[in-house]
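A short write-up of the structure that comes next.
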């Protein structure tokens with residue numbers, strides 16, 4: 001019986017993964033440019049937590065993508081060059097995304113004083129994970145026995161991604177509940193209310209599914225795929241966030257020019 005040669009198949013899979021990673025990186029960088037343009041042109045006043053969270057998350061995506069591209073596409077071998085991009089980029093886009101989800105609760109009328117404990121949790125949680133990851137990456141890239149640190153970093157990343165996934169799910173659930181409750185209070189009824197509720201629900205389901213794919217790739221140890229895909233996934237989630245904001249503004253604008261959502265721009 002002829003022996004099956006798996007090398008062509010493995011090479012094809014490797015090429016497919018490479019093309020996928022290149023595509024994700026390119027789209028992530030393109031989305032970053034678009035997100036910056038949309039954010040800067042949409043908001044009348046360049047201030048507020050929502051505005052700066054959007055910019056922080058968007059530009060964190062760019063840093064993370066560059067950090068991935070340097071060693072994989074440009075043969076940069078020195079970890080001291082690309083690791084800072086990956087670490088700072090990851091922290092910025094993940095913490096920024098959570099702050100975006102948090103700050104839109106305030107836009108929908110929640111009193112900031114009631115949200116302070118939640119804000120403190122997001123900041124402490126994000127900063128804690130980010131600092132530990134930076135320490136692990138610094139030790140892992142400088143330690144002679146790099147093979148020993150690889151599994152440790154991989155395990156920590158799984159815990160980190162899981163915690164951020166659950167955090168974003170919780171914030172999205174609070175946001176959907178807040179949106180549904182304010183429609184009737186602000187006179188948004190009938191077909192408009194029903195349509196908007198459906199849009200918000202399906203967009204948030206879409207965002208949750210994207211977050212779930214990030215989590216699955218992390219647990220399947222698909223390193224090349226998940227690093228490139230993370231940037232792409234977060235850029236898509238931010239674009240969905242901009243879409244949600246525009247829909248809320250369309251509803252509020254004719255009703256009340258002094259609403260929280262309108263004034264946030």
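Note that Cβ sites are derived from N, Cα and C of the backbone, with glycine treated the same way.
Among the residue ranges 169-188, 229-248, the one that TrEMBL annotates as transmembrane segment is 169-188. Listed as Cβ neighbours of the transmembrane segment (49-70) (distance under 8 Å, sequence separation of 6 or more from its ends, same chain) are residues 21, 25, 28-29, 31-32, 35-36, 39, 43, 76, 81-97, 99-100, 102-104, 106-107, 227-228, 230-231, 234-235, 238, 241-242, 264. Tertiary proximity for the transmembrane segment (117-139) is limited to same-chain residues at least six positions away from its ends with a CB under 8 Å from its CB atoms, namely 79, 83, 86-87, 90-91, 94-95, 98-99, 102, 149, 152-153, 156-157, 160, 163-164, 167.
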